[in-house]
Structure formats: C-alpha cells, structure tokens
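Annotated in TrEMBL:
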REGION    56-80  region 'Disordered'
COMPBIAS  59-70  compositional bias 'Low complexity'
REPEAT    149-183  repeat 'PPR'
REPEAT    184-218  repeat 'PPR'
REPEAT    219-253  repeat 'PPR'
REPEAT    254-288  repeat 'PPR'
REPEAT    289-323  repeat 'PPR'
REPEAT    324-358  repeat 'PPR'
REPEAT    359-393  repeat 'PPR'
REPEAT    394-428  repeat 'PPR'
REPEAT    429-463  repeat 'PPR'
REPEAT    464-498  repeat 'PPR'
REPEAT    530-564  repeat 'PPR'
REPEAT    565-599  repeat 'PPR'
C-alpha cells in the first residue's frame with residue numbers, strides 16, 4: 001500500500017455535494033478526534049451526469065487488475081487462536097488510534113497470527129466508525145492478505161451507509177466486483193434500504209435493478225421495505241411496480257405486505273384493484289384481518305364512496321372478522337354520511353358491549369353526525385356529557401360544536417365556545433377561525449370576520465388554504481369582489497404561507513395565471529416536495545383546456561422523480577390527443593405499463609380511442625385482444641368502446657364482429 005500525501009487541515013476533507021457532478025474530484029479522507037488523518041489515500045470519485053453507471057471509488061495508486069486475489073493470499077488454516085485474543089480489549093485499543101498508520105501498527109502483531117476471517121469480520125462489525133472500519137478492511141485485504149470476503153465488505157458498506165457516505169458506498173461496491181466478489185442479498189438489501197430511508201429513492205431503485213440483473217433474489221422484507229418507503233413518499237405507482245416485481249419473483253406476499261398494498265391502491269384511487277386484493281389474499285391462504293378491512297373502509301370513506309364502505313362492513317360481519325376501535329369510528333362516520341343517524345347512534349352505544357372503549361374520536365364523530373342530522377339537542381347533551389365524565393375534549397370537539405352553532409346562526413354561542421376552549425388550554429387552530437369567519441360572513445358580520453383575519457395574518461399564525469379560501473368566499477358573498485381579488489393577487493408572493501399552499505389555493509380558485517406563476521417560481525427554487533401540487537396543477541389545466549401547460553407540469557413531475565397515478569395519466573393522454581401528439585401518448589402509456597403502473601379501465605379505453613382517432617386500427621386490435629384477456633378489465637365496457645371506434649370509422653364489419661362476440665359471450669343481454 002503506497003504512502004500518499006497527508007494533510008492536517010480539516011478543510012481538505014470533503015465529500016462530493018452532488019452525485020451528478022461532472023468533474024473528477026480528488027479527495028483526501030481524514031479521520032481523527034481533531035480531524036487527524038486515518039485512511040490517508042488519494043480517493044478519486046469520478047462522476048458523470050450522462051452515465052447510467054454510478055460513481056466508482058478507487059485508490060489511484062492501485063490499478064483495478066491488482067485488486068483481484070493474488071496467489072500469495074494466506075491459505076485457510078485448520079485451527080485458529082481466536083479465543084486467545086480479547087476482542088473487547090482490541091476494540092478499545094483500535095478506538096484510541098488517530099490515523100491509519102497507528103491502526104496498522106496496532107494490528108501488526110496479528111499479521112501472521114492464526115486468526116480466522118470470522119474473527120476479523122466480527123471485529124469489523126463491532127467497529128462503528130466508518131473510517132476506522134475502512135482502514136481495518138484495508139489491513140485485512142492488503143496487509144494480512146486474507147482472501148477477500150463478501151461478509152467483510154457488507155459490514156464496511158453498512159458502516160459507510162450509516163454515516164451517509166454515499167460515494168464511498170458506490171466505491172466499495174465497485175471494489176467488491178474488482179476483487180472478484182459477488183454481491184449477495186445482504187449487500188443489496190443494505191444498499192436499497194439505507195438509500196431508501198434517506199429519500200434517495202431513485203438510487204434505491206437502481207440498486208434493485210442491479211440486484212435483479214445479477215439474478216440475486218430479493219426477499220419479502222426487502223420488497224416490503226421498498227413498498228413502505230414508496231407509500232410514505234406518496235409515490236404509489238412505484239409501490240405498485242415493486243409489488244408486481246415481488247410477485248413475479250415468486251415470493252408470496254404476507255399479510256403486512258397485502259395490507260400495505262390495499263392502502264397503496266386506495267391512495268392511488270384504484271378501488272377495484274384494492275378490493276380484488278382481498279380475494280387474492282384468500283386464494284393464496286392469507287386471511288384478511290381487521291386491518292385489511294379497516295384500510296378498505298378508510299379508502300372508500302376518503303373518496304366519499306359510502307355505499308361501498310357499507311358493503312365492506314357487511315362482508316366483514318359475514319366472515320366474523322372482529323371489529324376494533326378504528327373500524328367502529330369509521331362506520332359511525334359512514335352511517336352519518338348516509339343519513340343513518342340511528343345506526344350510528346346504535347353502534348356508538350354498543351361499543352362497550354363489544355369490549356371497545358370509545359375514544360375522543362368516537363365522541364367527535366358522533367357529535368358531527370348529530371350536527372349533520374340537525375339533532376342539536378343530542379349534540380349539546382353529548383358535548384356536556386363528555387365534560388361531566390371527564391372525557392378528554394380537543395380542538396376537533398370544539399370545532400365540531402362551533403360548526404353546529406353555526407348551522408343555527410348562533411354566532412355568539414359559537415364565539416363563547418372559542419373563549420371556553422382557550423380558558424381550558426385548548427388553542428384554536430385554522431379550522432376554528434375559518435369556521436367562525438364563515439359564520440360571521442353568513443350573519444352579516446363581515447367587519448368582524450375581516451378584523452379577525454387581519455389579526456391572524458399579523459400574529460404569525462399559519463394561514464392555511466381553508467382559512468384563506470373562507471375569507472375569499474366571505475368577501476365574494478358580500479359582493480366585495482375587489483377584496484377577494486386582492487387576496488388572490490397577494491398569493492402570487494406569499495410571505496406567510498408555504499408556496500405549495502398558495503399554489504393549491506390559486507389552482508382550486510381557478511386562477512390559472514397566478515397559479516402558473518407561483519408554480520414555476522416554486523419549482524425552480526426546488527420547493528415542490530408534494531406530489532399533490534403537481535396533480536392539482538394538471539387538473540387545473542385539464543379543466544381549462546390548457547393542454548400545453550398540462551404537459552409542461554407532467555414533464556416536470558416526471559423529472560422530479562414522481563410517478564403519476566392513473567387519473568393523471570388519463571388527463572395526460574387526453575392532452576396529447578387534443579394536441580394531436582399520438583406518438584407521445586403511446587410512448588407514455590407503454591412507459592408507464594413497463595414501470596408496472598396499474599391503470600383504471602378508463603385509461604386503457606382512452607388509449608384505444610386515441611389509436612382510433614389516429615386510424616391505427618392494427619394497434620386498436622392488438623390492445624383490444626390484450627385487454628380482452630385481462631380478467632380485471634370490464635368486458636362489457638371494453639367491447640362497447642371498441643365497437644364504437646369501428647362504427648365511427650364506418651368499419652361496419654369490425655363493429656359487428658365485436659358486438660357479436662360480446663353477445664355470444666353473454667357480456668350484455670340480447
């Protein structure tokens with residue numbers, strides 16, 4: 001090992017700030033208690049933005065060919081003296097070293113000693129400092145001349161990843177390969193998990209691709225971790241793609257993985273696919289549990305599909321799946337949404353008989369149900385009952401009661417509740433203020449509403465989109481259009497709310513120019529971290545037939561690493577169709593399919609229509625045959641769409657063929 005330049009200045013230690021730097025960077029890596037050097041080699045990290053191959057880490061003094069195992073490696077011994085060495089004492093001594101020379105000197109007595117590789121790997125695994133672990137790895141490989149071990153490299157990888165030394169992780173991986181080692185499942189699992197946890201999701205997926213290319217089989221835990229990371233990042237299309245890879249690799253998902261995917265399909269608004277997962281679970285011997293059904297219920301409630309939620313609850317009772325607190329709370333809400341206040345009331349008061357103690361969410365939900373059903377007496381009774389029984393009340397409890405008083409326009413009682421909650425230490429939030437502002441607007445107390453709004457803005461309280469929109473509506477309702485426009489105009493340069501919030505408010509208010517201006521400013525500043533903002537802008541442009549702008553946002557969305565959901569893809573395909581850019585539509589459709597995205601039927605049918613509009617009947621027929629063999633596609637709708645395409649093109653024979661095929665199969669009634 002060559003002796004290279006040392007530097008005592010901590011300023012010489014640097015790590016590449018960006019994995020996409022186009023420059024070759026020479027780095028002196030230092031370690032010390034006071035930044036003294038330990039691993040004192042020139043380390044070169046070469047980066048290329050145009051290369052798909054990640055950066056490599058090499059010592060400039062060591063040509064790649066010399067990294068392979070030389071013939072003078074020590075041979076495996078038949079017996080070792082591991083037990084004669086106190087590992088704790090040795091680790092303590094290693095911890096006192098301040099540079100690589102000291103560490104090598106400390107280890108020199110063991111150079112020719114019969115210590116096993118297992119001992120050395122254990123020693124390496126107990127050294128948590130990433131720089132010492134790299135120096136120790138060098139000593140094992142290049143001084144003591146052990147045969148390179150994938151286990152030793154895996155430990156070193158773990159340490160540098162925990163220290164977030166991403167460039168060195170790529171380098172160690174490359175060095176493994178140069179030494180003739182094959183990365184194993186643990187290697188890839190460590191890389192994928194650590195990069196994923198830090199939000200470097202594209203890197204994590206690139207490691208997954210390398211793993212699959214090397215024919216290293218992943219395990220359930222690895223895929224489940226990736227799915228969960230995707231879900232937390234709200235990147236549901238990626239989660240679906242990974243789930244597809246999991247199953248195609250021959251791994252049967254467990255209950256946790258299935259429940260995560262029910263949630264993912266729900267968030268992606270792929271309701272049928274989420275429901276079909278429950279059937280699939282039964283077919284592979286994984287019984288859906290309370291969490292499975294609760295997740296389905298949540299999905300339907302969040303999307304206001306209350307009848308479907310009621311159906312799931314009935315199925316849950318039929319299979320005798322036990323209820324829990326979450327299920328009961330959801331169903332109290334569902335009953336209320338379906339104007340079934342009696343059923344909600346009955347379920348609430350029967351919870352204790354089932355051994356389920358209602359919590360503050362249960363009480364708050366029933367309060368809201370009473371309010372929506374205009375059972376104001378019952379609501380007030382329940383509210384005071386909570387206080388008499390010392391049941392914890394929170395800001396949601398008071399917000400619900402304030403809204404109930406607003407229904408009867410009792411603004412003074414609503415205002416008194418705000419005073420009451422503050423007296424007992426419950427701080428009003430934006431919903432509290434937006435509710436009272438809305439009430440004052442309805443009873444003609446606009447001056448009070450405006451004064452409160454201005455006080456809130458000057459007080460530093462975060463003004464969310466609900467509060468802003470409430471004040472805009474109050475101005476418009478009072479005929480003060482200029483005041484409403486002024487508020488909207490202020491959002492172009494928001495100083496008291498995040499720009500993501502401002503974009504959402506402007507988009508939902510239909511203010512295209514202002515929303516576009518803020519969106520571009522926020523995107524250029526790297527402030528857009530929420531996929532929902534991109535989706536909101538795409539929906540705004542679609543509603544207003546601004547198809548070029550829609551495609552611009554879609555490209556930015558993809559460039560930022562977000563996977564579009566099925567609804568976004570439908571809007572994008574429609575935009576390409578309106579712009580007569582059929583080839584681009586076809587490319588996006590196929591690209592997303594290759595990535596494992598799951599589309600709703602409407603997306604497939606839209607692509608069929610675009611092929612028809614382009615008079616590409618060969619592709620119409622190809623896609624039709626493919627969808628016809630897909631058991632998850634609605635066959636009746638499929639045949640009607642294809643028959644309509646042929647009929648519109650005056651291809652009567654083809655249209656007749658499709659209709660006859662549909663009738664023959666009994667897809668529709670004769």
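Cβ from N, Cα, C; glycine included.
TrEMBL annotations: computationally assigned, not manually curated.
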Please average pLDDT over the repeat 'PPR' (324-358) for the predicted structure. 93
Contacting positions for the repeat 'PPR' (359-393) when only residues 6+ beyond its ends and CB under 8 Å are counted: 325, 328-329, 332-333, 335-336, 339, 341, 344-345, 348, 351, 400-401, 403-404, 407-408, 426
When you scan the chain for residues with a C-beta under 8 Å from the repeat 'PPR' (254-288), skipping those not six or more beyond its ends, what do you find? 220, 223-224, 227-228, 230-231, 234, 236-237, 239-240, 243, 246, 295-296, 298-300, 302-303, 305, 308, 312, 319, 321, 565-567, 598, 600, 632
DSSP helix/strand/coil residue counts for the repeat 'PPR' (219-253): 26 helix, 0 strand, 9 coil
Lying 6 or more residues past either end of the repeat 'PPR' (565-599) yet within Cβ distance under 8 Å of it, the residues of that chain are 236-238, 240-245, 265, 268-270, 273, 534-535, 538-539, 541-542, 545, 547-548, 550-551, 554, 557, 606-607, 609-611, 613-614, 616, 619
